[in-house]
Amino acid sequence: MFDPAVCREVPSSQNTILTALLCIGTFLSYLPQHLKILSRRSSDGISPYFILLGTVGAGSNITNIILLQFVALQCCTVQTVGVCIASLLGVAQVCIQGSMFYITFILYMTFFPEQNKYKNTRSNDGTQSNTIAGAGVGADNESQPLLSSNTPKQPTLEWKTALWVTTAVVTHATICIFMSTLLVVVVGPYAAPTRTWASLLGLFSLFLTCMQFLPQISKTWRAGAVGALSIPMMLMQTPGGFLFAYSIAIRPGVNWSSWISTFVAATLQGVLLVICLVFDAREKRARVISSFAQQSDNAVISDDSTPNHHASVAVLQQSPTEAASEPELTPASPLLRNQQA
């Protein structure tokens, strides 16, 4: 049962300012990642398991905070607008973080690389189907689209995993919404079953948060490239994660179990950030070397492509020694004797 007396406690101004800044920082920290995927038109380099753990963990965390802070939602009916907003900033922070990760999931699936979706299938004679439909020596152009369209497409393991991740995310969100709504309506938001359900979601989110960055670290290390990952996002989120863990740890009545998941996640994201910085520096150095080599090749080609008249000028400008070596026509020579005769 809702008791309006619990709504008398007002959040401190320091906590309100810190939480508001964290909300703004959380929103801004995800924008570089979204913009990078949009600008590249590709999500290549992002691990599907990183997306799965992050999205499912975000959904569990959102459901957990709404159920546990349901009293804050009801207190808004008896509080002023300012106090209501200050009381809901903690809920807003978790919801912003989860929503931004859901947007990352949508962008990941929308801009999944086309070349990574299907394998290069082979025909009965052992040649690749895209080669037959492409060049096709002796085949007319009208038959090429037919060959290409009849070729069966085999999805790659990565694309199958991405589709499985989509199914898992949708299923998890449906279960969270259905179960939470059912418990709130049937037994109430403050009943023991509802609280137990919220606590289980919180523990599940804690586990996923700790494991979230491990698949991405593995994929980035094996690929040796940053891909679609945003370094500016990690530059903002890594120190922000440590700050968020510190803000939780200094609150009264809080033990290590409340902030350890955030601290572990920030540490693993810091490891991923260091790996991406090293690979990004290596990629930039390789581009500089490639550009310098290309400029050197262009300079050599321009030096070798001299006009043909230079050769004729060289013939005319023979040295006296070369000119003296040529035979002279004397009166005794056979050629002059024939002309005189």
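Cβ atoms are placed via backbone N, Cα and C, with glycine included.
Just so you know, TrEMBL annotations are computer predictions that nobody has curated.
Fair warning: this is a prediction, and the values are worked out from it, not measured in the lab.
Here is what TrEMBL records for this protein:
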| type | residues | note |
| --- | --- | --- |
| COMPBIAS | 311-322 | compositional bias 'Polar residues' |
| REGION | 311-341 | region 'Disordered' |
| TRANSMEM | 12-31 | transmembrane segment |
| TRANSMEM | 51-73 | transmembrane segment |
| TRANSMEM | 85-112 | transmembrane segment |
| TRANSMEM | 162-191 | transmembrane segment |
| TRANSMEM | 197-214 | transmembrane segment |
| TRANSMEM | 226-250 | transmembrane segment |
| TRANSMEM | 256-279 | transmembrane segment |
(message) I'd like to know if the transmembrane segment (12-31) touches the transmembrane segment (85-112) in this structure, counting it as a touch only when three or more C-beta pairs sit under 8 Å and are separated by 6 or more positions.
(response) yes
(request) Please work out which recorded stretch in 51-73, 162-191, 197-214, 226-250, 256-279 has the most C-beta pairs separated by under 8 angstroms from the transmembrane segment (12-31)? (result) 226-250
